[in-house]
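The annotation active site, proton donor is assigned in TrEMBL to A:333. Residues or ranges marked as domain 'Orn/DAP/Arg decarboxylase 2 N-terminal' by TrEMBL: A:34-266. TrEMBL lists A:55 with the feature N6-(pyridoxal phosphate)lysine.
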């Protein structure tokens, strides 16, 4: 099914691009691929509610489609909450999943009917108490992120040992201590990555029970990968592995679960068409590497090439011919706007100035990362078909 | 003069901020500081024309002021050329300084009257030949960038040994082989950094002369620093050192020179007011470090904290009291949105949720780097006073 849909998406996107005229880089997202991805998650984790991570791609058409399919929404800000509500979804399908919230934003979300909030410390609990009395909170815990391709830091979550205290703090203040969340890291290629975090979550459930608090929910976060250059396990494998871990750690008292796919939902649904602006060498030495400059770079949407973390597949009209490694860079006057240099990228030797290239798996974390107007270049144009 | 103006700018900015009500982070640029910076460059390098690097901050008020003061403009794109022209400046005050240009953008610039273009390879020369016949070109060469704080890569420029070939290629094709440019790296703290590059430039002048080409101009680029946490040499010191190097390498045949300050022109003219959204710890351990989360981060304007390259001074209402090191992070749901962690930032222990902080020296490379809407957060608001 995947390969058929990939081909379908690819064909639909190529047809759309062939009909249009774009002066700059353009992202095209195939809504049929998003629809299929939603179905895969629903099928692989049948008892788990899907909260789409709006930040991955908040295009109104994508949100509308997912709302129609029954998705809930993980929102990072009041603006994202408003985007989710604009689909017609009710507020009980929204989680304010950012652990770092201004108190007035908590109040704004509460006024819109949102009743589910992420926290990872007592200070955040106290904001919720004041601005969203009686709401449900879940406590995010640190997970180690081993196996993830996009850097994971200690930014979100508290040590698991602190979680019961945070949840009790919420309970004492009249909030509903609802559950535990974690994130195993973005583009997580290890289907077993959820196991250790679920062991911690189960321990927190038991500790809370000892304190008289009955938690209800485990938020399994995101991390589901999309296919870039290397194959990734199927969603079904993640579903099976997660279900096994739930059974191992929670026995026959499996809690309510939710997932927050972002990249896994829209990543492989998007293609960016870009243009080769320049192909050159830095000297006339025989072994000098070619530099290929595209009209999109780190500041125009491909921010996830930071530290060469995400390596996108790139298709050209010359594929199949001889290739040679290139340094690949963006169009801005910024030295840091280089996509791949430490590990040069093999591209056809016949690739020339003016050629179009198709960058695959660009549906997530591209449009919103694009800079407002760096070097005067417009933000990434986007179409959902 | 510097300290007086810093204080003045600071006072004017604080007064402006005190009068306004901002819900999110806001940049305020004091045009009087920009005016003073322009005067310093004009005074320190009296025979050198100033081409302001528009990409550093393209605010129309800043461009208008600089145009009135007599500045020329270094532009990275057609959009920036249009911004420069919108000030009323004539096209002969504009350089299309990006070495990576679409041929149709060269044509668009030419149609607007621009006649000065950067190149660093034969392929780019051929675009100029076709789209801007008869124009002046200068060849950018690689410089090593030692002493610069913002990463410099090999992205722009060719090996100095190739420059005469590139310029001859231009001459043969009916273009005016006009000169040589280089960039010693952004936030360059070594006033002697221009010496080696000027030696290379002089050698290229001699080689071109042997080939019957009389070059006219050396573009000294930018790199002039702004004061962040550490003192930097005064513009006068750069002027003296550059003049000395010109004399050493060009003798009594000193060429026309231009400079392209960006950060040095607007960096210390801007202050960002931000808000503390959360102060928390990851565990209850005694020695656990505090995390301070602001409502601005890497994706909201402070992109130059990448790899902790630029370290901004941060003022708070609690300054003078006890401080402790903090991890400083932005407000988005992105693990990479951490400003300072490898080298924690000392902040007052009494700093609390809701406090405002003033981040200094934010006039350059902030507004345009800001993401369109990452996590739904608005791009950085900006006022020039």
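The backbone N, Cα and C atoms fix where each Cβ goes, glycine too.
TrEMBL labels come from automatic prediction, so no person has curated them.
Note that the structure is predicted; figures quoted are calculated from it, not measured.
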Integer Cα-Cα distance in angstrom, residue A:55 (N6-(pyridoxal phosphate)lysine) to residue A:333 (active site, proton donor): 28
Local Cβ density at the residue listed as 'N6-(pyridoxal phosphate)lysine' - other Cβ atoms counted within 10 Å: 27
Overall pLDDT of the domain 'Orn/DAP/Arg decarboxylase 2 N-terminal' (A:34-266), taken as the mean: 94
Residues near residue A:333 (active site, proton donor) in space but at least six apart in sequence (CB under 8 A): A:375
